[in-house]
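Annotated compositional bias 'Acidic residues' per TrEMBL: 389-406, in sequence order. If you look up TrEMBL, you'll see 29-109, 150-231, 248-342 marked as domain 'GDNF/GAS1'. Annotated region 'Disordered' per TrEMBL: 385-430, in sequence order. According to TrEMBL, the feature signal peptide maps to 1-25.
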Amino acid sequence: MSPDRMMIIGLLLNVLSHGSVPVSASSDCVVAEQRCTQEPSCIVLYRLLEYCAAEEAVSPLGSDARLECLDAQNSLQRYRPLQVCKCQRGSRREEHCLKVYWTARFAAYEEYEVSPYVELQLNLVKHLEMTRMASIMAASSLSVDGQNQCLKAAQDCGLYEKCGSLRSEYVVACTKRATVTDNSCNRQKCHKALRRFLERVPEEYSFALLFCPCSDTLCGERRRKTIVPSCSYEENGRGEERVGKPNCLSLQNYCSRDELCRSRFADFQHNCQPSPLAASGCVRESRAMCLKAYAGLIGTIMTPNYVNNSSTEVSQWCSCDGSGNEWPGCQRIMHMFSGNLCLRNAISSMGFSAPPPVENTPVPASPPPPRVYQERVHVGVNTLPEFNSMEDSEEENQQQEEESEEFNVIPPYSEKDTNTESGARGSTRGAAGRALPFLTLLLLPTLILDGACWSY
């Protein structure tokens, strides 16, 4: 095999292990920042923009201060490394990298069409989509007809040590009471644990949990409760009182003040942009990348989920009540999920045994009274503290069972409660080792026979 072919295989193995192509030193935002600090003319402008971003996060800047910040941003555009740099999702330096990315784009609060994350090459995306989808399809084809696919996905996750432990971790974080007297949860810890699960567990397991095909409401309920909706996005009041949905514009405004949420939302719009002319329904012709971008929103204030137990329609936990003359903008946010052809086709493509849902055209909602929507929030609520490791496992498992009835969650499958306990340890190693080699075996024949599609 030629050295070039070996290099391609090595790159693909790295992508399958980590989820994206490594950012080169020339395009990494952290490296661009380090180089900027070595140039006096660059660092002065960059530090000024850092100050502008920090002040803007607390309260709106005055007109004079804003003009000065905009002048600095325009001047910094001459320093190209900061203008073209990207970040790698899930990396240890992701939050720092995103801070640099958005600092250099101080005035671009509405810039959601360009993703701050590094993009995969088109041919590479197609190969990854083919192998990943084939892997999940092969796993689902082993099931018995009529079996609850979401339950099976939970069982498979429990047999893979990393998936089972990280899933248990986020269930505990999302069901544990914030205080003894308060029934609410710690949403920050819940979001942190959800992101850890989705970033560290291979898509063969996480996607099977999030997008498992269902033919009955019991399966649909398990699927909808996978991300613990009562803690991850629903608003709960004191005691049993239920708080209504927030306004979608307010939700987006919160998101725009946090680098991580803002970046994930931009990545979602970039990769899930619909097109009625494309076969996949996506402008970028990649359903897998759309699903990955959708999953990236889970664990932020923009966390989406299924609207009920009987369909694959997804939405955010928000409404347009009180939007006033900003009603069209609010509807645009809602239709990014409920009316998104690309996202709908991507989710339906995971349901190999279930036909696409029949959708009826909804009756247009009547506009609210013509009052001006003025709510603007400038505090980032999605900046999360460090997630503490789990306490004693036996104590938390017991507490989890007690609290699962109070929170909207189905406890994760545990192999300890089945007859597979004796073989669980051996199965975890086998499951952990099967995902990557399986994808590699599927991929190698394509690389050997279809080498012409790679260009350099």
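Backbone N, Cα and C define each Cβ position, glycine as well.
Remember, TrEMBL labels are computer predictions, not curated facts.
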I'd like the per-state residue tally for the domain 'GDNF/GAS1' (248-342) from DSSP, helix first, then strand, then coil.
50 helix, 11 strand, 34 coil
Per DSSP, what is the residue tally for the domain 'GDNF/GAS1' (150-231) in helix, strand and coil?
61 helix, 2 strand, 19 coil
Is it possible to list how many residues within the domain 'GDNF/GAS1' (29-109) are helical, extended or coil according to DSSP?
56 helix, 2 strand, 23 coil
